[in-house]
């Protein structure tokens, strides 16, 4: 640790005064300290400004970038991990003042003011609302463990005339028969002898339990039920210390935690069971997750328990109870596992399955004793056996349950449920593998229809006119077929008056248990023009109408699978994500387009840009039919800034998995045109040597009814009681169910076979079971062997309640090499991400663990195990959240309206892009990431902050380090409901180097990086063993000035052909020096492929931002480089000249004077080689391959003996000449002064020793 001058001075005075013989030693020791200071192994120019560039001979001036208002006039956007209203601030519950921490060891039990204490041996029953108005005519009839069971029905009940009232409602106290009392049974009746509530009972969970509550539906609880739409989280600590204890929560809640992590909601309100927080819930909430936090701690220790809590029974409970760091979530305030039945399903002809709140401690004989099953006639059905699944919290009853047409009634104690027909039973009885959908034949003269709906009583097809989708032509009944199918053939005999069915529309009319619905064919191949604004008109408009089409006859007939350039395996892919409308909605290119903007056809006109950039695959945001949009207005440009209520959509609200949306068609009213136009787009992508990846959304639908109307309680994952599970407002498709899995696989096969696509990206893939995704992959690869699949592998699997299975998430990667997942670990460490988005990360000045960064760069993320580099999608930006440019601005708190800040943001952006494109695995680029795309809300009315009720939806208000808002401070994240003004791809910024030099420089930089990546296998290694053998960390933490957490990294890769590459990144705000030692001395002979201004596959003649030093390599602030040493130890010919800026640039900064940088000293040539020992990260890296050792040795010798003339032939001059090109750091002068001081101190030390020797 460096001492302060005053501290050092004090120590020295004490030493001279107190010691004689030690004085010389102190001086000699001081000289050694100074010697060490004179020879640092990694140095920093601490005063170097962030935007420093090398002091070139030809200094130019950088023009301030044009403001977006010159080219923009439009609207705004949105967010994935939070609901559409995530912009709202976290609601604070009105809470009682917090009391001082108590040392009590049990929860607070203060009674409600209006409530009298409960006498010993009494049990209080609270009633929210009496069944009838006349309380005097109602009573509580009791039996079981009460002192005096009620007698003389009905008048022998405890009369509510004597009931007392509190804040909740009425209550009566019942005397128990003694301490052994365990069960209190009761009902509310009236004097007329009517049982008003049905039989109820409550089990005493613990001896001290002395009250229970009935809600308005007369369900029994061990706590006071909360108002609808609220859950209370109670937290009891035995130490009484609630200081800085808080809750971080998400899920089906109105306002998920969204403050800066880990600033959760504090436990401040005090209640009967410790502290509590009331959380408002979404409508029909089912589950939420949370973390208990201790904000007095740091890092991961802030979590009281490291694992997420998840509560999935919000339908049945409005309070939960937590205790200390107990892993359990209790549904009673006594912290015991309360066995309650929560649902029942008919799962097979010999089995019924019931779900329970818990089965901890449950015994088979007790379950049998307290269970009862009756059929629809009320007759008891014998239970022959029970199987208890404690982990799954379910009991399977065995018996004769062969009646599959009617429900059964299952009861356990006072809990009673009517069975729902489970998907298991439907799979066992009705699963079908034949052809489904509408098959148009005989030149349109015939249509074969097949629909699967086993519970339907009747099915008809309603046919609509081809020129007027609202006009009914006629209705034809379908006939019941095998295994739950309904079939019909439409032709001239159906009396519809149609000779050619092509282009006509249809829906299915399904009658079931007296209810009729109109449903969309899930296998429809095209649709009528869709307008979700009409959904409320009637049933015919709440879902789209399918169209009779023959896709095989539409579009280019020569369409085939793509032959993708520079691509053999998934590690070779460079994926570029784009939205069809965004790519051509910029009004700046309106005159250049010959086709309507925002369409498949217009996209074709800009494909050459992507070909020139060098990407291998274009990933299109969802192009299949989505719900919330008006396709009839797709031609209207949304030029005003808006971030809500826009006729715009990303497409993550699917309506059909076979039909394309009409939003990107030149004529949405023509159901054939969208098919032909999309085929043409794929064909043109293939002609340019690129592939097409479709973003698909099988994890949820836009509306639950889309599939529930087809077959209730089947297509979705189910809760334990048999109701469908939801997500984002729609249903979670249950891909473990046979017909749902079939739908997914059939859809994938159809899209590959019909449109010849080259891959799929699965939205929220972790919501699916791994088996279904694997099956889809194999089916698709059987058609297109070059196809790739990737997905969001977040751990979000819900599945059917209490039926765990292997999910298609990040944890699956160690078991498969078929599908890849996005790495949030590299994203979060390089630029930040949920829940810490906007906090400084590696490329934005936040120090990060160097080993963690290195592991991510070699496709070994720290939060999941990848057994192949191809398992990992390397990315730092996607359509979700803020763009990369915007998140950098937010993180460094610098307003891009200032030219110097704009340039700095781009420097950091280029660092991030370089790290992703030189990483192992598969790189992924968000459209516009290459040029610095922004979604800044540049409406003149929003140039400064506005009132809270005027804040744009899904926006962040950005401020600088002083707290001042940016110019136009609102930036939109998740722009799925924003206008074209917000979402457009800005072609001027991407291509006009004169108006936007920084943007075009960044774009060209990425183009060069892609070319570099594709020029060698070094960055595309195919196995972990290859990576282990060929990639070595240079910047080992704890050595050579590299800290454990730092903002620099350097590593070396040996390509399969023997070429050696090295990547160095300095994300610091000052220059940093990298010590190469002996192990990496051969890099001195390298050519530079990337510097601070450009990148490519050939050497740069005059690289900028770096210089060789005697210890190694020095990089300017915010600079990265890629080096290459060819196989034979000589560099490739350097041909890339440094391109002059397209506009005059800002004057270069001169390095500060030496005295301003006392620690920036250049290593001296006389330092022993012992300080340059090899240092590498992997265990086997201490021994280089013999050829590499020989090469390193020869390269080092060559560097030491190289003449100036010879070095000038390389692309980096030798050190003497280099000083003329790069800023003079003053290091030599500093070294001379230091060594003079060292010599003087050493002489003084010797003098003291000699003097003392004589005196002694």
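Glycine residues also receive a Cβ, built from the backbone N, Cα and C atoms like all the rest.
Remember, it's a predicted structure, so these values are computed and weren't measured experimentally.
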Motif 'LPXTG sorting signal' per Swiss-Prot - which of 1222-1226, 1227-1231, 1232-1236, 1237-1241: 1222-1226
Site-mate of 646, 648 for Ca(2+) 1 in Swiss-Prot, selected among 324, 325, 974, 977: 977
Mapped DSSP class for residue 824 (substrate binding site), helix or strand or coil: helix
10 Å Cα neighbourhood of residue 880 (site 'Transition state stabilizer'): matching recorded positions from 249, 792, 824, 975, 977: 975
Cα distance (Å, whole number) from residue 646 (Ca(2+) 1 binding site) to residue 653 (substrate binding site): 15
Assigned element (helix, strand, coil) containing residue 153 (substrate binding site), judged by DSSP: coil
Those recorded positions of 648, 763, 792 having Cα within 10 angstroms of residue 975 (substrate binding site): 648
Cβ-Cβ neighbours of residue 646 (Ca(2+) 1 binding site) (radius 10 Å): 25
Those binding-site residues listed as 881, 975, and which of them has the most Cβ atoms within 10 Å of its own Cβ: 975
Pairwise Cα distance for residue 763 (active site, nucleophile)/residue 646 (Ca(2+) 1 binding site) [Å, integer]: 23
Collapsed DSSP category at residue 763 (active site, nucleophile): coil
Separation of alpha carbons, residue 977 (Ca(2+) 1 binding site) and residue 153 (substrate binding site) (Å): 63
